[in-house]
Amino acid sequence: MTQFESSRATVHIVGAGLAGSEAAWQVAAQGVRVVLHEMRPHRMTAAHRTGGLAELVCSNSFRSDDASNNAVGLLHAEMRRLGSLVMRCADANQVPAGGALAVDRDGFSAAVTEALDNHPLIEIDRAEIDGLPPADWGNVIVATGPLTSTPLAAAIRALTDESALAFFDAIAPIVHRDSIDMSKAWFQSRYDKAGPGGSGADYINCPLSEAQYHAFVDALLEGEKVDFKDWETAPPYFDGCLPIEVMAERGRETLRYGPMKPVGLTNPHDPATKPYAVVQLRQDNKLGTLYNIVGFQTKLKHGAQTRIFRTIPGLEGAEFARLGGLHRNTFLNSPKLLDVRLRLRAEPRLRFAGQMTGCEGYVESAAIGLLGGLYAAADARSCTLEAPPQTTALGALLGHITGGHIETIDTGPRSFQPMNINFGLFPPLADPPTRKPDGTRLRGNEKTIAKKQAICARALSDLDRWIADALRPAAAA
(Lines of atoms letter the chains of each structure in order from A and count residues from 1; the text may use other names and numbers.)
(Lines give C-alpha, C1' and ligand atoms only; values in the text may rest on other atoms or scores of the structure.)
Protein backbone atom coordinates (compact mmCIF):
# COMPACT_ATOMS: atom_id res chain seq x y z
CA MET A 1 0.00 0.00 0.00
CA THR A 2 1.42 3.40 -0.96
CA GLN A 3 1.53 6.30 1.51
CA PHE A 4 -1.30 7.97 -0.43
CA GLU A 5 -3.42 4.83 -0.30
CA SER A 6 -2.68 4.50 3.42
CA SER A 7 -3.81 8.08 4.06
CA ARG A 8 -7.14 7.30 2.37
CA ALA A 9 -7.72 4.07 4.30
CA THR A 10 -9.17 5.91 7.30
CA VAL A 11 -12.00 8.35 6.65
CA HIS A 12 -12.08 11.47 8.83
CA ILE A 13 -15.51 13.09 9.13
CA VAL A 14 -15.76 16.60 10.55
CA GLY A 15 -19.15 17.28 12.11
CA ALA A 16 -21.54 14.79 13.67
CA GLY A 17 -24.88 16.23 12.71
CA LEU A 18 -27.30 14.34 10.50
CA ALA A 19 -24.99 14.26 7.47
CA GLY A 20 -21.80 13.43 9.34
CA SER A 21 -23.46 10.76 11.46
CA GLU A 22 -25.03 9.08 8.43
CA ALA A 23 -21.75 9.30 6.50
CA ALA A 24 -19.86 7.65 9.37
CA TRP A 25 -22.36 4.80 9.50
CA GLN A 26 -22.18 4.18 5.77
CA VAL A 27 -18.37 4.20 5.72
CA ALA A 28 -18.14 1.78 8.64
CA ALA A 29 -20.79 -0.47 7.07
CA GLN A 30 -18.38 -0.89 4.13
CA GLY A 31 -15.68 -2.13 6.52
CA VAL A 32 -13.66 1.10 6.55
CA ARG A 33 -12.34 2.76 9.71
CA VAL A 34 -13.83 6.16 10.64
CA VAL A 35 -12.78 8.97 12.96
CA LEU A 36 -15.80 11.22 13.58
CA HIS A 37 -14.80 14.67 14.87
CA GLU A 38 -17.40 16.68 16.81
CA MET A 39 -16.60 19.88 18.73
CA ARG A 40 -19.67 19.73 20.95
CA PRO A 41 -20.05 19.81 23.93
CA HIS A 42 -16.61 21.42 24.41
CA ARG A 43 -17.56 24.17 21.99
CA MET A 44 -21.25 24.75 21.42
CA THR A 45 -23.01 26.62 18.64
CA ALA A 46 -25.65 29.27 19.24
CA ALA A 47 -28.38 26.83 18.21
CA HIS A 48 -27.41 23.47 19.72
CA ARG A 49 -28.21 22.66 23.34
CA THR A 50 -26.60 19.22 23.84
CA GLY A 51 -23.53 17.24 22.91
CA GLY A 52 -25.64 14.53 21.31
CA LEU A 53 -24.90 13.43 17.78
CA ALA A 54 -27.49 14.24 15.10
CA GLU A 55 -29.21 16.74 17.40
CA LEU A 56 -32.34 18.21 15.77
CA VAL A 57 -31.99 21.96 16.21
CA CYS A 58 -35.37 23.09 14.90
CA SER A 59 -38.39 20.92 14.04
CA ASN A 60 -38.74 17.28 15.03
CA SER A 61 -40.38 16.41 11.71
CA PHE A 62 -38.84 14.52 8.81
CA ARG A 63 -41.92 15.52 6.79
CA SER A 64 -44.08 13.17 4.72
CA ASP A 65 -43.40 9.44 4.85
CA ASP A 66 -45.52 8.70 1.78
CA ALA A 67 -43.15 7.01 -0.67
CA SER A 68 -45.76 6.75 -3.43
CA ASN A 69 -46.91 10.36 -3.69
CA ASN A 70 -44.32 12.59 -2.02
CA ALA A 71 -40.70 13.35 -2.97
CA VAL A 72 -39.36 13.40 0.60
CA GLY A 73 -41.27 10.21 1.41
CA LEU A 74 -39.59 8.66 -1.61
CA LEU A 75 -36.22 9.80 -0.27
CA HIS A 76 -37.06 8.11 3.06
CA ALA A 77 -37.73 4.85 1.21
CA GLU A 78 -34.53 5.03 -0.81
CA MET A 79 -32.45 5.69 2.30
CA ARG A 80 -34.05 2.77 4.11
CA ARG A 81 -33.09 0.50 1.22
CA LEU A 82 -29.49 1.62 1.69
CA GLY A 83 -29.42 0.85 5.41
CA SER A 84 -29.64 4.46 6.64
CA LEU A 85 -28.88 4.88 10.34
CA VAL A 86 -30.82 8.16 10.45
CA MET A 87 -33.95 6.51 9.07
CA ARG A 88 -33.58 3.48 11.34
CA CYS A 89 -33.33 5.69 14.43
CA ALA A 90 -36.17 7.91 13.22
CA ASP A 91 -38.43 4.90 12.75
CA ALA A 92 -37.51 3.61 16.21
CA ASN A 93 -38.32 6.96 17.85
CA GLN A 94 -41.41 7.95 15.86
CA VAL A 95 -44.15 10.02 17.47
CA PRO A 96 -47.71 10.47 16.10
CA ALA A 97 -47.81 13.07 13.34
CA GLY A 98 -50.41 12.00 10.80
CA GLY A 99 -48.80 11.16 7.49
CA ALA A 100 -45.49 12.72 8.52
CA LEU A 101 -42.53 11.04 10.17
CA ALA A 102 -41.86 12.97 13.36
CA VAL A 103 -39.54 11.83 16.12
CA ASP A 104 -38.80 12.21 19.79
CA ARG A 105 -35.79 14.46 19.29
CA ASP A 106 -33.89 13.37 22.41
CA GLY A 107 -34.58 9.69 21.83
CA PHE A 108 -33.55 10.01 18.20
CA SER A 109 -30.24 11.72 19.01
CA ALA A 110 -29.52 9.23 21.79
CA ALA A 111 -30.13 6.30 19.42
CA VAL A 112 -27.79 7.71 16.77
CA THR A 113 -25.13 8.47 19.38
CA GLU A 114 -25.34 4.99 20.87
CA ALA A 115 -25.13 3.26 17.49
CA LEU A 116 -22.06 5.21 16.42
CA ASP A 117 -20.41 5.01 19.83
CA ASN A 118 -20.76 1.23 19.87
CA HIS A 119 -19.54 0.54 16.33
CA PRO A 120 -16.08 -1.07 16.44
CA LEU A 121 -14.86 0.79 13.34
CA ILE A 122 -15.96 4.26 14.50
CA GLU A 123 -13.92 6.47 16.83
CA ILE A 124 -15.60 9.65 18.09
CA ASP A 125 -13.17 12.52 18.70
CA ARG A 126 -14.70 15.31 20.78
CA ALA A 127 -12.49 18.15 19.59
CA GLU A 128 -12.82 21.15 17.30
CA ILE A 129 -11.16 21.21 13.89
CA ASP A 130 -10.37 24.92 13.78
CA GLY A 131 -8.96 25.09 10.26
CA LEU A 132 -8.49 22.88 7.25
CA PRO A 133 -8.06 19.20 8.18
CA PRO A 134 -4.38 18.16 8.41
CA ALA A 135 -2.71 17.44 5.09
CA ASP A 136 -2.02 13.81 6.04
CA TRP A 137 -5.75 13.10 6.23
CA GLY A 138 -6.24 11.82 2.71
CA ASN A 139 -9.96 11.03 2.85
CA VAL A 140 -12.08 13.66 4.59
CA ILE A 141 -15.79 14.49 4.68
CA VAL A 142 -16.64 17.98 5.93
CA ALA A 143 -20.21 17.97 7.24
CA THR A 144 -20.25 20.90 9.61
CA GLY A 145 -23.65 22.27 8.66
CA PRO A 146 -25.07 25.79 8.41
CA LEU A 147 -23.51 26.84 11.72
CA THR A 148 -19.94 25.96 10.77
CA SER A 149 -17.46 27.48 13.22
CA THR A 150 -15.87 30.74 12.10
CA PRO A 151 -12.25 29.46 11.86
CA LEU A 152 -13.20 26.47 9.70
CA ALA A 153 -15.48 28.57 7.50
CA ALA A 154 -12.67 31.08 6.99
CA ALA A 155 -10.25 28.31 6.03
CA ILE A 156 -12.69 26.87 3.49
CA ARG A 157 -13.33 30.31 2.03
CA ALA A 158 -9.58 30.91 1.67
CA LEU A 159 -9.18 27.60 -0.17
CA THR A 160 -11.99 28.39 -2.62
CA ASP A 161 -12.74 32.07 -3.16
CA GLU A 162 -14.35 34.99 -1.38
CA SER A 163 -17.82 34.32 -2.78
CA ALA A 164 -17.82 30.57 -2.24
CA LEU A 165 -19.61 30.76 1.11
CA ALA A 166 -22.73 32.77 1.93
CA PHE A 167 -23.26 33.58 5.57
CA PHE A 168 -26.65 35.21 5.12
CA ASP A 169 -28.41 33.58 2.21
CA ALA A 170 -31.34 34.93 0.28
CA ILE A 171 -33.92 32.40 -0.81
CA ALA A 172 -36.60 33.33 -3.32
CA PRO A 173 -39.74 31.21 -3.79
CA ILE A 174 -39.65 28.54 -6.49
CA VAL A 175 -42.76 27.65 -8.49
CA HIS A 176 -43.60 24.53 -10.48
CA ARG A 177 -43.66 25.62 -14.13
CA ASP A 178 -46.83 23.70 -14.96
CA SER A 179 -48.81 25.60 -12.30
CA ILE A 180 -48.27 29.01 -13.96
CA ASP A 181 -51.19 30.37 -16.00
CA MET A 182 -49.63 31.18 -19.37
CA SER A 183 -52.88 32.73 -20.61
CA LYS A 184 -51.87 35.70 -18.42
CA ALA A 185 -48.08 35.30 -18.30
CA TRP A 186 -45.62 35.18 -21.21
CA PHE A 187 -42.02 34.32 -22.05
CA GLN A 188 -39.65 37.23 -22.76
CA SER A 189 -36.29 38.60 -21.64
CA ARG A 190 -35.98 42.36 -21.15
CA TYR A 191 -35.42 43.97 -24.54
CA ASP A 192 -35.39 40.38 -25.92
CA LYS A 193 -31.79 40.08 -24.75
CA ALA A 194 -30.30 36.62 -25.22
CA GLY A 195 -27.73 36.03 -22.49
CA PRO A 196 -25.29 33.09 -22.31
CA GLY A 197 -27.32 30.01 -23.13
CA GLY A 198 -30.46 32.09 -23.49
CA SER A 199 -32.90 32.60 -26.33
CA GLY A 200 -34.22 36.08 -25.66
CA ALA A 201 -37.38 34.59 -24.17
CA ASP A 202 -35.93 33.18 -20.98
CA TYR A 203 -38.16 34.69 -18.29
CA ILE A 204 -41.81 34.17 -17.49
CA ASN A 205 -43.43 37.57 -16.97
CA CYS A 206 -46.54 38.33 -14.92
CA PRO A 207 -48.03 41.82 -15.47
CA LEU A 208 -49.65 43.99 -12.79
CA SER A 209 -51.86 47.03 -13.28
CA GLU A 210 -51.37 50.09 -11.07
CA ALA A 211 -54.19 49.01 -8.76
CA GLN A 212 -52.85 45.45 -8.55
CA TYR A 213 -49.34 46.73 -7.79
CA HIS A 214 -50.44 48.97 -4.93
CA ALA A 215 -52.61 46.21 -3.48
CA PHE A 216 -49.58 43.91 -3.65
CA VAL A 217 -47.36 46.46 -1.86
CA ASP A 218 -50.01 46.92 0.84
CA ALA A 219 -50.16 43.16 1.34
CA LEU A 220 -46.37 42.96 1.69
CA LEU A 221 -46.32 45.72 4.29
CA GLU A 222 -49.13 44.12 6.28
CA GLY A 223 -47.95 40.51 5.93
CA GLU A 224 -46.80 38.63 9.01
CA LYS A 225 -43.01 38.29 9.19
CA VAL A 226 -40.81 35.66 10.82
CA ASP A 227 -38.64 36.91 13.68
CA PHE A 228 -34.89 36.42 13.40
CA LYS A 229 -33.32 33.82 15.67
CA ASP A 230 -30.83 35.21 18.18
CA TRP A 231 -27.86 33.83 16.23
CA GLU A 232 -29.12 35.37 12.98
CA THR A 233 -29.17 38.99 14.07
CA ALA A 234 -25.49 39.89 13.72
CA PRO A 235 -24.76 39.32 9.99
CA PRO A 236 -25.80 42.16 7.68
CA TYR A 237 -27.84 41.76 4.52
CA PHE A 238 -25.75 41.27 1.41
CA ASP A 239 -26.21 43.89 -1.31
CA GLY A 240 -28.96 42.76 -3.62
CA CYS A 241 -30.42 40.43 -1.01
CA LEU A 242 -32.85 42.75 0.75
CA PRO A 243 -36.16 41.08 1.61
CA ILE A 244 -38.88 42.24 -0.73
CA GLU A 245 -40.94 43.58 2.18
CA VAL A 246 -37.96 45.70 3.34
CA MET A 247 -37.70 47.19 -0.15
CA ALA A 248 -41.43 47.96 -0.02
CA GLU A 249 -40.95 49.74 3.31
CA ARG A 250 -38.45 52.08 1.68
CA GLY A 251 -41.06 53.52 -0.64
CA ARG A 252 -44.15 52.47 -2.55
CA GLU A 253 -42.41 52.74 -5.91
CA THR A 254 -39.15 51.05 -4.88
CA LEU A 255 -40.15 47.64 -6.24
CA ARG A 256 -41.24 49.18 -9.58
CA TYR A 257 -37.69 50.43 -10.03
CA GLY A 258 -36.18 47.23 -8.72
CA PRO A 259 -37.14 43.59 -9.30
CA MET A 260 -40.62 44.51 -10.60
CA LYS A 261 -39.59 47.13 -13.17
CA PRO A 262 -41.73 46.82 -16.34
CA VAL A 263 -39.20 48.15 -18.86
CA GLY A 264 -38.21 46.27 -22.02
CA LEU A 265 -41.26 44.01 -21.95
CA THR A 266 -44.43 43.78 -24.04
CA ASN A 267 -47.44 41.72 -23.00
CA PRO A 268 -48.49 39.71 -26.08
CA HIS A 269 -51.90 39.09 -24.52
CA ASP A 270 -52.55 42.87 -24.41
CA PRO A 271 -49.82 44.66 -26.40
CA ALA A 272 -51.57 48.03 -26.28
CA THR A 273 -51.45 48.21 -22.48
CA LYS A 274 -48.12 48.83 -20.75
CA PRO A 275 -47.90 46.95 -17.42
CA TYR A 276 -47.40 49.16 -14.37
CA ALA A 277 -45.11 46.49 -12.87
CA VAL A 278 -43.93 43.02 -13.84
CA VAL A 279 -42.98 40.02 -11.74
CA GLN A 280 -40.36 37.87 -13.47
CA LEU A 281 -39.69 34.18 -12.95
CA ARG A 282 -36.41 32.63 -14.04
CA GLN A 283 -35.73 28.99 -14.87
CA ASP A 284 -34.16 27.32 -11.86
CA ASN A 285 -33.15 23.88 -13.11
CA LYS A 286 -31.93 22.37 -16.34
CA LEU A 287 -35.14 20.42 -16.80
CA GLY A 288 -37.17 23.63 -16.98
CA THR A 289 -39.70 22.32 -14.48
CA LEU A 290 -38.95 24.91 -11.78
CA TYR A 291 -38.90 28.71 -11.90
CA ASN A 292 -37.83 31.10 -9.14
CA ILE A 293 -39.47 34.47 -8.57
CA VAL A 294 -36.68 36.95 -9.26
CA GLY A 295 -35.78 39.23 -6.35
CA PHE A 296 -38.47 37.86 -4.05
CA GLN A 297 -36.33 36.78 -1.10
CA THR A 298 -38.47 37.30 1.97
CA LYS A 299 -38.98 36.81 5.69
CA LEU A 300 -42.76 36.66 5.35
CA LYS A 301 -44.31 33.67 7.08
CA HIS A 302 -45.14 30.84 4.71
CA GLY A 303 -48.89 31.31 4.94
CA ALA A 304 -48.54 34.99 4.09
CA GLN A 305 -46.26 34.16 1.15
CA THR A 306 -48.68 31.77 -0.52
CA ARG A 307 -51.61 34.13 0.03
CA ILE A 308 -49.81 37.26 -1.22
CA PHE A 309 -47.89 35.73 -4.12
CA ARG A 310 -51.03 34.05 -5.46
CA THR A 311 -52.53 37.52 -5.98
CA ILE A 312 -50.02 38.03 -8.82
CA PRO A 313 -51.70 37.56 -12.23
CA GLY A 314 -50.65 34.19 -13.61
CA LEU A 315 -49.73 32.80 -10.20
CA GLU A 316 -53.24 32.41 -8.80
CA GLY A 317 -52.83 28.63 -8.87
CA ALA A 318 -49.09 28.54 -8.24
CA GLU A 319 -47.69 25.43 -6.59
CA PHE A 320 -44.50 26.17 -4.70
CA ALA A 321 -41.54 23.78 -4.68
CA ARG A 322 -39.99 26.03 -2.04
CA LEU A 323 -41.10 29.17 -0.27
CA GLY A 324 -38.81 32.13 0.29
CA GLY A 325 -36.63 32.92 3.25
CA LEU A 326 -33.62 34.84 4.45
CA HIS A 327 -31.46 33.46 7.24
CA ARG A 328 -27.93 32.81 8.37
CA ASN A 329 -26.53 29.89 6.48
CA THR A 330 -23.21 28.54 5.33
CA PHE A 331 -23.23 26.78 2.00
CA LEU A 332 -20.90 26.22 -0.91
CA ASN A 333 -21.47 27.20 -4.50
CA SER A 334 -21.38 23.45 -5.03
CA PRO A 335 -21.89 23.21 -8.82
CA LYS A 336 -18.78 25.34 -9.24
CA LEU A 337 -16.67 23.93 -6.42
CA LEU A 338 -17.58 20.23 -6.12
CA ASP A 339 -17.32 17.36 -8.58
CA VAL A 340 -20.02 14.74 -9.08
CA ARG A 341 -18.65 12.71 -6.15
CA LEU A 342 -18.88 15.71 -3.80
CA ARG A 343 -15.11 16.29 -3.79
CA LEU A 344 -13.66 19.79 -3.67
CA ARG A 345 -12.14 20.41 -7.09
CA ALA A 346 -9.38 22.54 -5.55
CA GLU A 347 -8.42 19.78 -3.08
CA PRO A 348 -10.02 16.40 -3.90
CA ARG A 349 -9.09 14.79 -0.58
CA LEU A 350 -11.85 16.95 0.92
CA ARG A 351 -15.42 15.88 0.31
CA PHE A 352 -18.45 17.85 1.52
CA ALA A 353 -21.82 16.60 2.70
CA GLY A 354 -25.01 17.85 4.27
CA GLN A 355 -26.51 21.30 4.32
CA MET A 356 -23.19 22.94 3.42
CA THR A 357 -23.56 21.50 -0.08
CA GLY A 358 -26.84 23.28 -0.80
CA CYS A 359 -29.49 20.82 0.23
CA GLU A 360 -32.18 21.97 2.63
CA GLY A 361 -33.79 19.86 5.33
CA TYR A 362 -32.95 17.11 7.78
CA VAL A 363 -33.58 14.21 5.42
CA GLU A 364 -31.82 15.84 2.48
CA SER A 365 -28.74 16.55 4.63
CA ALA A 366 -28.63 12.96 5.83
CA ALA A 367 -29.12 11.71 2.27
CA ILE A 368 -26.09 13.62 0.99
CA GLY A 369 -24.16 12.36 4.01
CA LEU A 370 -25.16 8.84 2.98
CA LEU A 371 -23.84 9.37 -0.55
CA GLY A 372 -20.69 11.06 0.72
CA GLY A 373 -20.05 8.10 2.99
CA LEU A 374 -20.47 5.60 0.16
CA TYR A 375 -18.11 7.60 -2.06
CA ALA A 376 -15.49 7.96 0.70
CA ALA A 377 -15.64 4.24 1.47
CA ALA A 378 -15.17 3.45 -2.21
CA ASP A 379 -12.13 5.73 -2.32
CA ALA A 380 -10.71 4.05 0.77
CA ARG A 381 -11.00 0.70 -0.99
CA SER A 382 -9.63 2.08 -4.29
CA CYS A 383 -12.96 1.45 -6.02
CA THR A 384 -15.09 3.63 -8.28
CA LEU A 385 -18.76 4.08 -7.46
CA GLU A 386 -21.08 5.48 -10.11
CA ALA A 387 -23.67 8.06 -9.08
CA PRO A 388 -27.25 6.87 -8.54
CA PRO A 389 -29.53 7.58 -11.52
CA GLN A 390 -31.03 11.07 -11.59
CA THR A 391 -34.43 9.37 -11.81
CA THR A 392 -34.00 8.46 -8.12
CA ALA A 393 -34.52 10.94 -5.30
CA LEU A 394 -30.88 10.53 -4.26
CA GLY A 395 -29.67 11.10 -7.81
CA ALA A 396 -31.99 14.07 -8.37
CA LEU A 397 -30.78 15.76 -5.18
CA LEU A 398 -27.15 15.04 -6.05
CA GLY A 399 -27.76 16.43 -9.54
CA HIS A 400 -29.11 19.68 -8.11
CA ILE A 401 -26.06 20.06 -5.88
CA THR A 402 -23.38 19.20 -8.41
CA GLY A 403 -24.81 20.75 -11.54
CA GLY A 404 -28.57 20.53 -11.86
CA HIS A 405 -29.06 24.29 -11.54
CA ILE A 406 -28.42 26.75 -14.36
CA GLU A 407 -26.47 29.98 -14.14
CA THR A 408 -28.38 33.23 -14.12
CA ILE A 409 -28.77 34.74 -17.57
CA ASP A 410 -27.95 38.24 -16.36
CA THR A 411 -24.76 39.22 -14.58
CA GLY A 412 -25.03 39.40 -10.82
CA PRO A 413 -25.33 36.98 -7.92
CA ARG A 414 -25.04 33.27 -8.66
CA SER A 415 -28.26 31.34 -9.00
CA PHE A 416 -27.45 28.29 -6.88
CA GLN A 417 -29.52 28.15 -3.69
CA PRO A 418 -30.31 25.46 -1.11
CA MET A 419 -33.37 23.35 -1.89
CA ASN A 420 -35.51 20.55 -0.50
CA ILE A 421 -36.13 17.45 -2.59
CA ASN A 422 -39.15 17.95 -4.84
CA PHE A 423 -40.54 16.43 -8.02
CA GLY A 424 -39.29 19.37 -10.08
CA LEU A 425 -35.74 18.02 -9.71
CA PHE A 426 -36.60 14.73 -11.44
CA PRO A 427 -36.39 14.17 -15.21
CA PRO A 428 -39.84 14.06 -16.84
CA LEU A 429 -41.46 10.70 -17.44
CA ALA A 430 -40.87 9.34 -20.93
CA ASP A 431 -44.49 8.19 -21.11
CA PRO A 432 -46.66 9.99 -18.53
CA PRO A 433 -49.82 8.15 -17.50
CA THR A 434 -52.99 9.38 -19.21
CA ARG A 435 -55.50 6.65 -18.38
CA LYS A 436 -56.79 4.78 -15.36
CA PRO A 437 -56.54 0.97 -15.11
CA ASP A 438 -60.10 0.75 -16.47
CA GLY A 439 -59.09 2.69 -19.59
CA THR A 440 -60.91 5.93 -18.78
CA ARG A 441 -58.94 9.16 -19.18
CA LEU A 442 -57.24 10.74 -16.18
CA ARG A 443 -58.47 14.26 -15.47
CA GLY A 444 -57.32 17.20 -13.35
CA ASN A 445 -55.80 16.17 -10.04
CA GLU A 446 -56.00 12.50 -11.00
CA LYS A 447 -53.34 13.13 -13.64
CA THR A 448 -51.07 14.88 -11.10
CA ILE A 449 -51.39 12.01 -8.62
CA ALA A 450 -50.73 9.38 -11.28
CA LYS A 451 -47.66 11.28 -12.49
CA LYS A 452 -46.18 11.46 -8.98
CA GLN A 453 -46.84 7.78 -8.39
CA ALA A 454 -45.17 6.88 -11.68
CA ILE A 455 -42.10 8.97 -10.80
CA CYS A 456 -41.87 7.23 -7.41
CA ALA A 457 -42.25 3.75 -8.91
CA ARG A 458 -39.58 4.52 -11.53
CA ALA A 459 -37.24 5.83 -8.82
CA LEU A 460 -37.43 2.75 -6.61
CA SER A 461 -37.01 0.42 -9.58
CA ASP A 462 -33.98 2.35 -10.82
CA LEU A 463 -32.49 2.49 -7.31
CA ASP A 464 -32.77 -1.28 -6.94
CA ARG A 465 -31.01 -1.68 -10.28
CA TRP A 466 -28.24 0.72 -9.19
CA ILE A 467 -27.75 -1.17 -5.92
CA ALA A 468 -27.41 -4.44 -7.82
CA ASP A 469 -25.30 -3.16 -10.71
CA ALA A 470 -23.08 -0.52 -9.06
CA LEU A 471 -23.15 -0.54 -5.28
CA ARG A 472 -22.86 -4.27 -4.56
CA PRO A 473 -20.02 -4.87 -7.05
CA ALA A 474 -18.12 -1.88 -5.59
CA ALA A 475 -18.60 -3.21 -2.06
CA ALA A 476 -17.44 -6.68 -3.07
CA ALA A 477 -14.34 -5.48 -4.94
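Every residue number used here counts from 1 along the chain in the order it is shown.
Placed from the backbone N, Cα and C atoms, the Cβ positions cover glycine too.
Keep in mind the model is a prediction, meaning the values are calculated, not measured.
As written in Swiss-Prot, here are the features:
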{"type": "BINDING", "residues": "GLY15, ALA16, GLY17, LEU18, ALA19, GLY20", "note": "FAD binding site"}
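Shown in sequence order, ALA54, VAL86, GLY354, TYR362, SER365, ALA366, GLY369 are the residues of the chain, 6+ apart in sequence, with a C-beta less than 8 angstroms from the C-beta of LEU18 (FAD binding site). Using a 10 Å Cβ-Cβ cutoff, GLY20 (FAD binding site) registers 31 neighbours. Long-range C-beta contacts of GLY15 (FAD binding site), restricted to its own chain and to partners at least six residues apart, with a cutoff below 8 Å, comprise HIS37, GLU38, VAL142, ALA143, THR144, GLY145, THR148, GLY354. Annotation for the binding-site residues ALA16, ALA19: lowest Cβ count within 10 Å of the residue's own Cβ, ALA16. Same-chain residues with CB within 8 A of the center of the GLY15, ALA16, GLY17, LEU18, ALA19, GLY20 CB atoms, the FAD site residues themselves not counted, are ILE13, SER21, GLU22, ALA23, LEU53, ALA54, ALA143, THR144, GLY145, ALA353, GLY354, SER365, GLY369.
When secondary structure is read from DSSP and collapsed to three states, GLY17 (FAD binding site) falls in the coil class. GLY17 (FAD binding site) is surrounded by 28 other CB atoms, counting those within 10 A of its CB over all protein chains shown.
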